[in-house]
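Trainee: TrEMBL lists 5-129, 140-269 with the feature domain 'EamA'. Annotation comment: TrEMBL describes 34-52, 64-82, 88-105, 112-131, 137-157, 169-187, 193-215, 227-246, 252-270 as transmembrane segment.
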Amino acid sequence: MWIKICIAMLAFAANSLLCRLALAEQQIDPISFSLLRVGSGAVCLGLFYAVLQVQQPIQFQWKSALSLAVYLLGFSLAYLHIDAGIGALILFGAVQITMISYAILHGERMTLPRWVGLGCAILGMGLLLLPEASTPTFKYALMMLLAGIAWGFYSIAAKTMQHALTNTLSNFILATPLVAVFFLWYLPESFITWQGVVLAVLSGALASAGAYVLWYSIVKKIDHITASTVQLSVPCLAILGGVIFLGEQLTLLKVVATLIVLCGILMVILTKPRV
């Protein structure tokens, strides 16, 4: 199980790097990136569904698809206009609040070690991301906040899903026209390079589609609080990926902050939840 979680978090971090390369380098506009991402994800999952001859029928869930579309659009639109550090804090902070609030309202209880672990993880994220952050504009901060809430609900929905592949496929299929509506409205401002197309397809077909199927299969087997907390490792992994693949600088503060985050996550996952 923990190997699967590590793979999923690595894929989420890879998604962050692909988004950075595509959007920050002006290879493609945010809406076109989102449309290609969700569309290529739907095609990839559809091929898997056909090749594997899955017997489980596709059940369309509009709520999950809407959450996916809001997350993709909110994240991409805010990404270019908000500092990466504060953006990650808003995004994952919203995920934490959404999933933990839902968990507590539905009977899960936080033990003291879990509160301490969660606090350490959030503190580590602050040390990791805030030193280079700048104050965002309200509009784009709100977009990132909505993206985090949407992803929280998308993750929560996994608990009631019967089949990870078919449910994820249905979400991507339904989210594609929702994103396409925004694309048509945004069309006059769109721009695409072949590099941007490649990065968007890699993000959708590999780092999103496959990873989301894996994530849905994981969330069904762990509690909401653990599911929310392990995602705090994603910014750490993304920064490490930036150091390895993009030549970004590794500082002592980043190392210490990452260790604090990981220690906090370990405290949460090694402590049994109180139900």
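Quick reminder: no glycine exception, Cβ is built from N, Cα and C everywhere.
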Trainee: Counting only CB pairs under 8 A, let me know which of 88-105, 112-131, 137-157, 193-215, 227-246 has the most with the transmembrane segment (252-270).
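Mentor: Looking only at 88-105, 112-131, 137-157, 193-215, 227-246, the most contacts with the transmembrane segment (252-270) come from 112-131.
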Trainee: Cβ under 8 Å to the transmembrane segment (193-215), counting only same-chain residues 6 or more beyond its ends: which ones?
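Mentor: Contacts of the transmembrane segment (193-215) (Cβ under 8 Å, skipping residues fewer than 6 from its ends): 4, 7-8, 11-12, 14-15, 18-19, 21-22, 25, 27-28, 32-33, 36-45, 155, 158, 164-165, 168, 171-172.
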Trainee: Under a Cβ pair cut-off of under 8 Å, which of the recorded stretches 34-52, 64-82, 88-105, 169-187, 227-246 contacts the transmembrane segment (137-157) most often?
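Mentor: By the under-8 Å Cβ criterion, the transmembrane segment (137-157) pairs most with 64-82.
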Trainee: If you count Cβ pairs under 8 Å, which stretch among 34-52, 64-82, 112-131, 169-187, 227-246 touches the transmembrane segment (88-105) the most?
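Mentor: Per the Cβ count, the answer is 227-246.
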Trainee: Can you count helix, strand and coil residues in the domain 'EamA' (140-269) using DSSP?
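Mentor: The breakdown for the domain 'EamA' (140-269) reads 111 helix, 1 strand, 18 coil.
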Trainee: Please tell me whether the transmembrane segment (64-82) and the transmembrane segment (169-187) touch - that is, whether there are at least 3 C-beta pairs under 8 Å between them, with each pair 6 or more apart in sequence.
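Mentor: In contact, yes.
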Trainee: Restricting to the same chain and to residues at least six past its boundaries, which positions have a Cβ under 8 Å from a Cβ of the transmembrane segment (34-52)?
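Mentor: Result: 28, 58, 68-69, 72-73, 76, 165-166, 168-169, 172-173, 175-176, 179-180, 182-183, 197, 200-201, 203-206, 208-210, 212-213.
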Trainee: What else in the chain is close to the transmembrane segment (169-187), if you only count residues 6 or more beyond its ends and a Cβ gap under 8 Å?
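Mentor: Counting only partners 6 or more residues beyond its ends, the transmembrane segment (169-187) has Cβ contacts under 8 Å with 29, 31-32, 34-35, 38-39, 41-42, 45-46, 48-49, 58-62, 64-66, 68-69, 72-73, 154, 209, 212.
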